[in-house]
Amino acid sequence: MGSDTLRSIILAKNPTLIFGASEFLLAFLSLGPTPTFVPLVLLLTVLRIHGLRIACRSTRILELMCSWAAVTVGASLAHYSSATNALSSSTQSFAAVAVMSAITYVLAILPFYADIRLHRRLPTFWAQVTFLPVVWATTWAIVSHISPVGRLLNWSPVSTSHPFGWLLPYTGPMGIDWAVGACAALFSEVAAAWLMGNTSNDEQPVQLFTSSTKAPQSDKRSRSLLALGTLLVALALPSLHVITPARTDTIFDTSPLGVACALPPVHNGQHPTLGDFITETKKLTSQAKVVLWPESAVVFNNQGEREVAFEELRKNIQKSVIGVAFEESVPQDPSNPGGSRMRRNGLALVHEGQKKGEEVIQYYKRNLVPFTESFSAIPSTDPPAIYDFELGPPKWATKPEWSSPPNYTRPVPITSSICLDFAFSSAFSSLSSRPALILAPARTWDSTVSLAMWEQAKSRANEIGSMVLWCDGGAMGVSGVGGGGISEIMQLGSGSWTRTISLQFPFDQRRTVYAVAGDFGVLVLLVVVMGGGSVAWHLPALSGSRSVLQAVPLLRRLFPGRRRDQENLIDAEVPGERQNLLH
């Protein structure tokens, strides 16, 4: 009786208030800078049930607007801390985030609309239940390619909040989005079955995909849901295997490499000078062979000034390579050097073997932060490249033990990207081989933004089977090493640090499955999985397992059979209310 009363409250007495409040709360919990898996799945579950409830109602536009407002406000408040510090005016910053959250909601609703309109046209129950996950993953893949902030505002969970992170080298972020959509589809089916109940054996609203009441069809639907749940559990199982970092005390199958982030202390609120960074770097090179400076660490007004600075840096840095992240002033129109000038962010690799003018300008920032950079900086169109750094032996190993003559070095392929560029899953799609290390200078304005970008950087590294050295020069920025079994934040704010990592030797430069196939290849795979309906509903009956499932009241609703009549929870006077929640 209590469950019937609860269903009546949700569906008949206060549906708009309950759905709106639930969506607001779940949006606040799940749609911040670092979305989490469980609240996000619950939000999608509620949105799907809500959408299917109002699809045939005359008040659907009004209720949809209420849902839009609830989710937009919840998402905006979740971004409050990061938004208020983004621009000079906190009001303008919050308004910008609210507008982007509102637009993102509209994009998020499109897969649900497509699901409601089209899924009944699919030939099998398996295809019907897996249609939403495919459309959900496809939508966010498209959005991430056209959005000025990449995947930052996507409704996608961070890697540490779910058990599907191991899929990244194979499916990229689309595989994670598919898992989110699949969980939401499965949970909404179960929740809808509980909410609707049954009126009689002849009228079973729990036929979630079809209006037919034939037991074989309901049995196929039940098997499809059971197969989807089994698949999700199977995909989560590999996360139980703990991946440990490679050893750093051996040189036979690994290459120990010391890495560092140069973050000089801030005095009296003043940005560290070139001299501060050079002094700090010289302290680190005794322990690290790769030292990275944060984004826009130094500013150069022209190329001559830049080369003089690099020449000074090359003194006494031993055999290390220094990733100098700089900002330089360049003509807005290259054909008119004396005209107005703009700035651009770049990264150069400097080591002692270079002569003046031989610095490797490896990368210029391609994606600019809207508003704060888009009006004053020039984006680059050149993709990242790979630089082979010749790594010498550690102090405790001899040259012959380390490598063969004449150089006695091991090549370490290094690439780079800068801050916001990591929010795009296509950041390294142009690389023809796998890098061992990604240099990632950054400068964020808030710790929540830094954590969000840190998660993006780790995802990009895992997608291509690499490791990332993240160095954030923001006042509250996080810095660390991610990938290769490591996900370690080394520092918050200023303060240099070093860490020894271990690279595979000899290093396998073959690209991962996702790096080769890309989003289109993953989409083809997901469509193939959706079309494999026969695998799902031609499974054996497994009568013993079915009996166990039928013993659980909530799951029993998913199986056919006579049940007691239940109270009508829907007002027959309201047009469309007699429609099934899910068809």
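Quick reminder: no glycine exception, Cβ is built from N, Cα and C everywhere.
As recorded in TrEMBL:
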| type | residues | note |
| --- | --- | --- |
| TRANSMEM | 24-49 | transmembrane segment |
| TRANSMEM | 61-81 | transmembrane segment |
| TRANSMEM | 93-113 | transmembrane segment |
| TRANSMEM | 125-146 | transmembrane segment |
| TRANSMEM | 166-187 | transmembrane segment |
| TRANSMEM | 224-243 | transmembrane segment |
| DOMAIN | 255-576 | domain 'CN hydrolase' |
| TRANSMEM | 513-537 | transmembrane segment |
Checklist entry - How about the transmembrane segment (24-49) and the transmembrane segment (166-187): at least 3 CB pairs under 8 Å, pairs 6 or more apart in sequence, or not? => result yes
Checklist outcome for this item: Ranking 61-81, 125-146, 224-243 by Cβ pairs under 8 Å to the transmembrane segment (166-187) puts first 125-146
Item to check | Mean per-residue pLDDT computed across the domain 'CN hydrolase' (255-576) | outcome: 84
Checklist entry - Cβ under 8 Å to the transmembrane segment (93-113), counting only same-chain residues 6 or more beyond its ends: which ones? => result 31, 47-48, 51, 64, 68, 71-73, 75-76, 79-80, 82-87, 132, 135-136, 138-139, 143, 149, 153-155, 181, 370-371
Checklist outcome for this item: Sequence-distant residues near the transmembrane segment (61-81) by C-beta distance (under 8 Å, 6 or more away from its ends) are 16, 19-21, 23-33, 43, 47, 50, 54, 94, 97-98, 101-102, 104-106, 109, 446, 448
